[in-house]
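Input: one structure, supplied below.
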Amino acid sequence: MRGCLQLARWLSAAPKGTAASLTRAPFVLANAPRYFTSSASRAGSRSTATKPLSDLEKRISAIPIERYRNFCIVAHVDHGKSTLSDRLLELTGTIEPGSNKQVLDKLDVERERGITVKAQTCSMIYNHNGEDYLLHLVDTPGHVDFRAEVSRSYASCGGALLLVDASQGIQAQTVANFYLAFAQGLELIPVINKVDLPSAEPERALEQMKNSFELDTENAVMVSAKTGLNVEKLLPTVIEKIPAYGHFPVDSHELLPLLTLSSPIGDCKKPLRMLLVDSWYDSYKGVICLVRIFDGEIRAGQQVVSFATGLKYYVGEAGIMYPNETPQSVLRAGQVGYIYFNPGMKRSKEAKIGDTFTRVGFEKAVEPLPGFEEPKAMVFVAAYPVDADHFEHLEDSINQLVLNDRSITVQKESSEALGAGFRLGFLGTLHCSVFEDRLRQEHGASIIITPPSVPVKIIWKDGKEEIITSPAKFPEDEELRSKVAEIQEPYVLATLTFPEEYLGKVIELCEANRGEQKSLEYFTPTQVILKYELPLAQLVDDFFGKLKGSTKGYASLDYEESAWQTGNIVKLQLLVNKAPVDAVARIVHSSQVERLGRQWVTKFKEHVDRQLFEVVIQAAVGKKIIARETVKPYRKDVLAKLHASDVSRRRKLLEKQKEGRKRLRAVGNVVIEHKAFQAFLAK
């Protein structure tokens, strides 16, 4: 009431016309979510009224598609991709120079770890020879676990800066990223970074690039992303070397070189054809989609339809990343930008990466784009809320993060020990670790994560094959003997690069992890490239940490899927008073059973409280006990009230206590707190 009186007094004192204009204007809450607006406000958002163009939008609208350049930066981890991106953004005036540090590393986990885990995009305007060019930059991850991000990024690009550290030279993921870019037909520009370091050897790095990749290094650019040395030479090279045409995204079934055209892909006069490249969740706007416009144009208020789901949406806002979300009145063919819908998507699963959108009514006139190849999850963990009441919160948090990372697989799972949870699939152990950090940092989720495991293939005697990702689905002993022909495990081809002096230690490590050597070559007199075929199960068991320890941190690792091979695979279980603890079971190779079994019983004993009866902790494979520990019971002194009684009376009381403990052990339930599992499963 007081607020109404104040508003009335203000209106009476305001100049003429103010009150009338205020009463005519619709009243909209400033903080109301845009995707839950009323029908009246939605109708207003679809009106054809246009706002005055900003100076930025006027410059962009004047640039023809022939002067668009889409490119990315690819390199090994820590070779300076994000720092170089900062310098390019400063050079084009997109951000203010000075205090910028990894502007495109927007996640907390990226800034903490100092690595890029999520491909980020940004549009820039650069004047070259008196003409404006619209440049679209993608900063890609370097680690092998995020290769799906890199592969999707290439679909938006016509070329790439191949970045190599002058002091380290070519590393394992430099090789992997080169071949991925080469296979997709990208124009590659060699760039040597960190030339200002005392240990820099740019000539050696150039020689490596020339010999390993057969690249023309005469026009390579020597830069220091940290100081900005020679960075101004990069963008003219990008404009001159990278073509204005782009690529269609990779076919969903075959990784073939992408279709390259002699003229720019994209025609503003054709019906809209828009590719969904990425998506993320905003608590205010809902699902935000990163899109590439192949044909036509898109504006706020227009209605579009998805080819994948058939669902229709009104566009609430369209814009570019500059480097943050910057609204524009229109996105045209050749541009990469963002959109969100009003009302928003009701379920996060509606945003399917690789989906094609067009204007409603033009479905038959537009051919959908092929989409992306779906990555296969190869590392699995189970995730449970610490408090069972927080299950729904954990489910919402996982769904929002999966919206931003579609390479993760999610299945609901239940455990007698830990309750309802999820089985999550990842591309690697770092991928899993980053997801766990994001759950805790961005959503405040308190979770219990089981150790990573890999899938196994069961070949039944009737000829059927089945992929098993959960220990709960692994066949029991009797079924193994009678119905299973063989069990196979996945192998990978690992590429390791390191100084020659550590060759003996690295070979010893690989052999100890059931590896088989495939090749050994020197790409310089002091640098070795070693290829080994390794079981994926050994790779996820902290193999990279052991490799770093053996080489004092100088080794790098990359790997790719190889084949399934027959192995002696078993299910290792933890038993507490002969009852299996399902949350701790793992599928392992028989060579790991004794080591893991002893570790389990020793560690689990530390976290089990004493009971009134004896608690027996065992590690077992089938009916065979591998290791055992015992938690002694509380001891009640039944002889305390006896003084000088006879020996037979004492013996009778002790025998009675012994019988009582046997009955307790037979019928009593061992109480194991959630915190015990949390401590046991902690790394």
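Every residue, even glycine, has its Cβ placed from backbone N, Cα and C.
Here's the feature list from Swiss-Prot:
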{"type": "TRANSIT", "residues": "1-43", "note": "transit peptide"}
{"type": "DOMAIN", "residues": "66-250", "note": "domain 'tr-type G'"}
{"type": "BINDING", "residues": "75-82, 139-143, 193-196", "note": "GTP binding site"}
Which is it, of LYS81, HIS143: the one of these binding-site residues whose Cβ has the most other Cβ atoms within 10 Å?
LYS81
Here are some binding-site residues: ALA75, VAL195. Which one has the most Cβ atoms within 10 Å of its Cβ?
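Max Cβ neighbours within 10 Å, all protein chains included: ALA75.
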Any idea which of the binding-site residues ASP78, THR140 has the thinnest Cβ neighbourhood at 10 Å?
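Each of the binding-site residues ASP78, THR140 was scored; lowest Cβ tally within 10 Å is ASP78.
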